[in-house]
Amino acid sequence: MRINPTTSGSEVSAVEKKNLGRIVKIIGPVLDVAFPPGKMPNIYNALVVQGRDNEQTNVTCEVQQLLGNNRVRAVAMSDTDGLMRGMEVIDTGAPISVPVGGSTLGRIFNVLGQPVDNLGPVNTNTTSPIHKSAPAFIQLDTKLSIFETGIKVVDLLPPYRRGGKIGLFGGXGVGKTLLIMELINNIAKAHGGLSVFGGVGERTREGNDLYLEMKESGVINEENIPESKVALVYGQMNEPPGARMRVGLTALTMAEYFRDVNEQDVLLFIDNIFRFVQAGSEVSALLGRMPSAVGYQPTLSTEMGSLQERITSTKEGSITSIQAVYVPADDLTDPAPATTFAHLDATTVLSRGLAAKGIYPAVDPLDSTSTMLQPRIVGEEHYETAQRVKQTLQRYKELQDIIAILGLDELSEEDRLTVARARKIERFLSQPFFVAEVFTGSPGKYVGLAETIRGFQLILSGELDGLPEQAFYLVGNIDEATAKAMNLKT
């Protein structure tokens, strides 16, 4: 018999005596289980399938529906291979619970909180259920402050809020995961902050790359694992929909403990929140619910709200969440990204057009927004610089049709100057990443906010009009651009 990893043996044996059901139907990852009259488990309770003839099984399920006639419908958190009708099922009497606290740092977990990194069991008895209420209104902290990332385009145009929710929007292959990896790297090095990474329905290869990158950069300390700065929770593409639907909650539960009990500021990375919605859609169809717009589940807003409302700042500490959002067919009006938009403080939109030009990070400076870009929060200097950068880029965008038809020579002198500066700004928004050193051959750069503002002010003022635009491509601060220009001239 397999014991739920978050329930001790004595508790299981006590439950075993009073609440045992049997599988009556299996449809893929969905099980129907019959229980004795009056002993129905609650919604979200964890059920453990008991193997026949003392054979161990590895299947934990979560109750999703009460069907009547003493039957429940549950969704499996792992493959249901080998399960048969008539197998006994134990009601654990509680939701899935996962280990929390400092012992989780430097480790990789699955949706059930079991370590999957071959480094032995987790040294903690402290567990927490993955289903909880959001903090009460009175507990929330409403202070506004900027979260510096060291990435120029992000810090200048859609600045991130400490304790806020940020969405990285983009189609396939524009650099969402790479940007998340760079943010984890920069934040661990510059701020020494703790991070929890939730890999929700993404490529296993990317999860492996992230783990190896963490070890190389020292975010995961191989010599002394408890000194690590990140906990990783994976429910990747090959997992059943139940695991992909709940792995985000597992990561969030670990982050909540650091916030509420350790009173720390913690970062929660979710890659990819669209896969959370997609898994919910699969589960909804398997449970027989009528689909809503574009085939999504009718409970889309509720499911998204129950996750997002728990990601917040309280008087004890904060959770700053950065979520990659895959945009199907680059359509921002799709219900999944559109529902996510409502919860975010900042949106960083990644553009395929910029990626095609080789400008990385491919953050669209005009589409990306932030509620923090206000003079009373970021200061007049930052606000004015950001607005002038946007105006210059917007004017360049308006002129592109004329340039394509008539050429640059037909523009006025003022417009030609605007185009030249906009092209320099566009290239200066690119930046070499630490986590992409292997691909680019350029060492990564962390650029402070003051340096970023100074650089763009110099371009806008016209002081650097004489420098070639390629000098601004893939550099850190403005001094590197001027040095690169000198090298290009010689």
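Each Cβ is built from the backbone N, Cα and C atoms, and glycine gets one as well.
What Swiss-Prot says about this one:
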BINDING   G170, G171, X172, G173, V174, G175, K176, T177  ATP binding site
Pick out which of the binding-site residues G170, G173, G175, T177 has the most other Cβ atoms within 10 Å of its own Cβ. G170
For the ATP site (G170, G171, X172, G173, V174, G175, K176, T177), what does the 8 A shell look like? I mean other same-chain residues with CB within 8 A of the CB centroid. Y326, L350, A355
X172 (ATP binding site): tally of other CB atoms within 10 A of its CB: 11
Least surrounded among the binding-site residues, given as G171, V174, K176, when other CB atoms within 10 Å are counted: G171
Translate the DSSP assignment of K176 (ATP binding site) into the three-state scheme. helix
Going by DSSP, give the three-state secondary structure for G171 (ATP binding site). coil
